[in-house]
């Protein structure tokens, strides 16, 4: 059984988190631990038709963003890694500098110190030098940066097709077999 921590921040792009949680929920071999920031909850309302109750029902465990005593705040909580989707630049900066002022950044800090898989899905454009330096710092620490950049070789016909490709990339990072989207097979 894989155990994945999912952090959702207030950056736009909550649809990526919703899709990931839907696909993880379909897998009996994956346990999901979810934490959302206050702005993530607001964006869920603004950007999707999901209610908070519907979204949290997709997770096996949920935590409050200010609960620094939560299981996922400790290195002794064994898991296969964490994904932050979407990741705000505030959260990226906090993680890059070890500023664990909320449960998302604390859980990411623990993920780094325990040398577990950390996937960051940054949602910002354009990126400033500060953003790029913070993302580079995290990549040097072992985080995998997977920005939501669509592929077009698969001829997407809808926003959902674009989201599916991103979810495939995230699941691949955790070695979770999936056929969420069509893969490149050569020309």
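Just so it is clear, glycine is given a Cβ too, placed from its N, Cα and C backbone atoms.
Around the Cβ of residue 10 (FMN binding site), 20 further Cβ atoms fall within 10 Å across all displayed protein chains. Residues or ranges marked as FMN binding site by Swiss-Prot on the basis of similarity to another entry: 10, 11, 12, 37, 88, 89, 90, 91, 123.
Under the heading dimethylallyl phosphate binding site, Swiss-Prot lists 153, 169, citing similarity to another entry as support. Summarising the environment of residue 153 (dimethylallyl phosphate binding site), the number of other Cβ atoms within 10 Å of its Cβ, over all protein chains shown, is 11.
Apart from the site residues 10, 11, 12, 37, 88, 89, 90, 91, 123, the chain places the Cβ of 9, 39, 40, 86, 87, 92, 124 no farther than 8 Å from the centroid of the site's Cβ atoms, the recorded FMN location. Here FMN is bound by 10, 11, 12, 37, 88, 89, 90, 91, 123 per the record. The longest Cα to Cα distance in that group is 15 Å. Taking all protein chains in view, 20 other C-beta atoms sit within 10 angstroms of the C-beta of residue 169 (dimethylallyl phosphate binding site).
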